[in-house]
Each structure stands twice: as C-alpha cells, then as structure tokens.
C-alpha cells in the first residue's frame with residue numbers, strides 16, 4: 001500500500017477541511033504486515049500525522065519495531081513514510097485542535113524494505129536474559145575472588161602473626177559462620193522480595209567486610225574472626241538470590257550457567273518487572289519457564305517430608321566438604337607439599353578454577369542437549385552429579401602416588417574440573433523439584449554445604465597438625481562416595497512441590 005492510498009483509507013472524510021488553525025497530531029498504535037516477513041508475522045507500529053495548512057499537505061510518519069527473528073535482515077528496523085496530500089481551499093477557524101484517534105479505521109499496511117530507513121541499535125537486540133546471566137556471573141566472580149583471597153594471604157599472615165595450622169583452620173572456617181546464618185534467610189528473602197535487592201545488598205556488604213579484613217587482623221584475632229564472619233553474611237545470600245533470579249529468567253532448556261550501579265539499573269527480579277524487556281523475549285522466557293507467584297507462606301513440613309529434598313541436603317554436604325577444603329587449603333598444599341613460593345602458589349591456584357569455569361559450561365551444554373533431545377531430566381541430573389562426585393574422588397586418590405609438582409597441579413585441575421559438573425547436577429535440581437521455592441530449597445541445602453565448610457576447614461587444620469595430607473584427602477573421598485550413593489538412590493528431576 002502506498003502512502004497516498006493509506007492516507008485516503010484513514011477516514012472517508014479525509015479531504016474535509018479542518019476546523020482549526022493548528023496542525024493536529026494523530027498518534028495511533030496498530031499492527032501491520034511487513035512484506036519482507038512471513039505473511040503471518042505481525043509487529044506493532046506507530047504513526048504520527050501532521051497537517052501543514054500553509055503548504056496544503058499532510059505528512060505521515062510511520063515507525064515500526066520488528067520484534068521477531070528476521071532472517072533476511074537480522075535486525076529490528078524503523079520505517080518512515082511521507083506523503084503529500086493536496087486539498088481544496090478551506091477556511092481556518094480559531095478553535096484549538098483536539099486529539100484524533102483512528103484505531104478502528106486503520107487497515108493493514110504493507111511496508112517493503114525500501115520503506116524502512118533506519119534501524120534500532122543492535123545492542124538493544126541483545127537478549128535481556130543473557131544480560132542477567134552475565135551480571136550473575138560477575139557477582140559470582142566477585143564473590144569467589146573475595147572469598148579465596150584469604151587462602152593466599154593466610155600464608156604470609158600465619159608467619160607474621162605466628163598462627164599454627166589449627167588457628168589457620170579456625171580463621172578459614174570463621175567465614176562460614178556468617179555464611180551459615182544467611183543461607184535459609186537469603187533464600188526466603190529472595191523468594192519474597194526478589195533476587196535483585198538481595199544480591200545487590202550482598203555484594204556491597206561483603207565488599208566492605210573484605211576491605212576491613214587487614215585492619216582487623218592487626219587489631220587482633222577476635223576482630224579478624226568477626227570481620228570474616230560478617231563477610232560470610234554478605235556472601236551467604238548470593239547463591240540463593242542468583243538461583244531465584246535464574247529460575248525466573250532462564251528457560252529450562254538454557255539453564256547453564258562499577259557492578260552495583262549496573263545491577264540496579266539493568267537487572268530486575270523477574271521478566272514481568274522489566275519495562276525494557278522486548279515482548280518477544282518476554283514471551284519466550286515466560287512460555288518456557290515455570291510461573292512463580294510470590295511466596296507468602298513456606299510449607300516447611302511438606303518440604304522436609306520429601307526424600308529428594310534430603311538427597312539434595314546430604315549430597316550438598318558431601319560435595320562441599322571436598323570443594324571447600326580445596327578452596328581454602330589448596331595454596332597451603334602447594335606451598336608446603338609442592339614447595340611453591342607464594343607467587344607460584346597463587347598463580348597455580350588459578351588453573352583449577354579456570355578448568356572449573358570451562359568444564360561447568362561444557363557440562364551445562366551436555367546437560368541441556370541431553371534434556372532437550374534424549375534423556376529425562378532425572379537421568380541427566382544423576383549422570384552429571386555422579387561425574388561431579390566420582391571425578392574429584394578419583395583424582396584426589398592419585399595425589400598420594402604423584403611426585404611431580406606439575407602432575408599434582410594437573411590432578412587438582414582435573415578434580416575441580418569434574419567437580420564443576422555439579423552445576424548441572426545438584427545445583428540445578430532445586431529449580432527442577434520446587435521452582436516456586438527454589439531460593440528456600442537452595443538455602444536449606446546450602447546450609448548443609450556451609451556446615452561442611454565450617455567443620456571441614458577447621459578439621460583439616462587439626463588433621464594437618466596431627467596427621468598428613470593423605471588423611472585429609474581420604475576423608476573427602478569417603479564423603480564423595482557417600483554422596484554418590486545417596487544421590488542416585490533418592491534424587492529426581494521431576495517437580496515434587498507446586
């Protein structure tokens with residue numbers, strides 16, 4: 001349809017003289033069919049029409065945002081149409097213009113590519129759910145950086161302040177005291193007020209505590225323990241909040257896995273609350289995710305009566321015992337056993353975590369592929385978590401037979417790499433079995449995981465003062481095996497709580 005025909009179709013009395021001496025604005029929101037798209041594709045458009053009485057013509061501006069995938073253009077475009085419409089001479093009255101709507105008079109408009117003369121910036125086309133994942137990744141990165149820096153700093157600090165292994169273990173475990181306090185609370189808070197505010201609070205809180213750590217160490221050991229516990233309080237809400245956000249933002253088939261300023265302006269607790277989210281992306285997310293109404297009451301008795309919930313709790317404890325020992329004691333192992341200096345210990349500690357980041361994404365891709373094409377969610381979760389248990393167990397048993405520092409580092413990297421498959425196992429299972437209570441459920445299971453950090457980190461210091469590293473690794477391997485049995489007997493990928 002050309003512009004003149006469109007203007008004529010707007011109203012049967014289009015050529016009637018206006019009754020005022022101002023040019024009226026006519027704004028309309030309607031749908032149109034675009035000739036470059038499939039015939040069934042509809043997108044919203046808006047037009048503005050202005051009469052120019054002096055030039056005796058009308059100008060029509062049509063703008064459109066195409067929100068669907070366009071293979072031919074691969075972009076959203078804005079089109080404008082101008083038309084000159086001559087009219088008969090008329091008298092202009094002195095009355096003010098009135099708003100005019102032609103919602104019912106508009107027909108379908110067909111705009112070709114030549115009619116579209118500008119495009120929406122490509123950065124606006126970036127899926128918002130991916131931005132949420134990236135921001136959560138940044139928060140997770142900050143969380144772990146602030147958590148593990150003490151495991152490096154503890155080496156020179158223990159020499160400066162003359163701390164024995166038991167005291168070092170106490171300091172390392174003090175972080176988990178505060179971390180333990182906010183697991184369930186963080187999950188409840190995230191499910192009730194939204195993950196955005198909870199995670200934002202956590203990042204600011206633990207960042208302040210991190211800055212106060214060296215000051216507290218010089219004041220005295222009790223002050224250091226308090227500051228480390230306060231830091232744990234801030235980081236304790238991070239995982240439940242991120243789990244709550246991702247359970248709302250990321251479709252089931254895609255669940256792989258100055259910051260605060262960006263978070264406040266760009267993140268929202270759910271797609272429904274985001275005013276900038278494009279309709280097509282919102283439809284994709286909501287149609288492929290489980291609807292989650294705000295939680296007002298928590299059925300604790302029902303939750304704790306389910307065997308898969310306890311499988312999560314026990315497995316999380318067994319998994320985190322080994323993970324937290326490596327997290328907090330790995331630099332000490334490199335320094336004492338492999339005889340690396342402080343710089344080398346810090347550098348080599350990065351390798352297992354890089355391996356973990358890579359394998360977590362590989363594991364996520366494998367899990368997503370299996371779920372979407374071949375296997376049930378239950379089988380996939382069991383496979384991934386079994387790898388997350390038995391992989392680390394195997395590589396830890398090899399450390400006592402290795403004399404080469406390079407091979408020891410490789411074993412540590414492989415241990416952490418296979419450990420990361422748990423991200424597609426138990427860490428994804430909360431959303432599977434109880435989507436509405438994902439934050440609360442993660443708070444419960446992560447509480448058990450934090451208890452593993454509290455006891456495991458402190459017990460490791462005691463074992464090292466009275467035993468050997470082989471004894472430390474044997475305890476971890478034993479718990480990995482227990483977790484494997486419990487997980488495969490009682491876990492499920494099906495929803496058990498509405």
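Just so you know, glycine gets a Cβ as well, placed from its N, Cα and C.
If you look up TrEMBL, you'll see 132-498 marked as domain 'Major facilitator superfamily (MFS) profile'.
According to TrEMBL, the transmembrane segment annotation covers 130-150 (among others).
According to TrEMBL, the transmembrane segment annotation covers 170-190 (among others). Listed by sequence, the residues of this chain that lie at least six past the ends of the transmembrane segment (170-190) yet keep a Cβ under 8 A from its Cβ atoms are 147, 150-151, 154, 163, 198-199, 202, 221, 224-225, 228-241, 243-245, 295, 298, 324, 328-329, 439-444, 446-447, 450-451, 453-455, 457-458, 461.
The transmembrane segment feature in TrEMBL is assigned to 197-217 (among others).
According to TrEMBL, the feature transmembrane segment maps to 223-246 (among others).
Remote same-chain residues near the transmembrane segment (309-330) are listed as 147-148, 150-151, 172, 176, 303, 349, 352, 385, 388-389, 392-393, 396, 412, 415-416, 419, 422, 426, 429-430, 433-434, 441, 444-446, 448-453, 455-457, 460, 472, 475-477, 479-480, 482-483, 486-487, 489-491, 496 (criterion: CB distance under 8 Å, separation of at least six residues from the stretch ends). Annotation source TrEMBL lists transmembrane segment at 309-330 (among others).
Panel annotation: around the transmembrane segment (350-371), residues 144, 148, 252-257, 326, 330, 377, 379-381, 383-384, 387, 409, 412-421, 423-424, 428 of the same chain, lying at least six beyond its termini, place a Cβ under 8 Å from a Cβ of the stretch. Per TrEMBL, the feature transmembrane segment maps to 350-371 (among others).
Summarising the annotation, TrEMBL assigns transmembrane segment to 383-402 (among others).
Annotation source TrEMBL lists transmembrane segment at 437-464 (among others).
What TrEMBL records for 471-490 (among others) is transmembrane segment.
Among residues of the same chain six or more beyond the transmembrane segment (437-464), those with a C-beta under 8 A of the stretch's C-beta atoms are 165-170, 172-173, 175-177, 179-180, 183-191, 195, 236, 239-241, 243-244, 247, 295, 298, 303, 309, 312-322, 324-325, 328-329, 426, 430-431, 471-472, 475-476, 479, 497.
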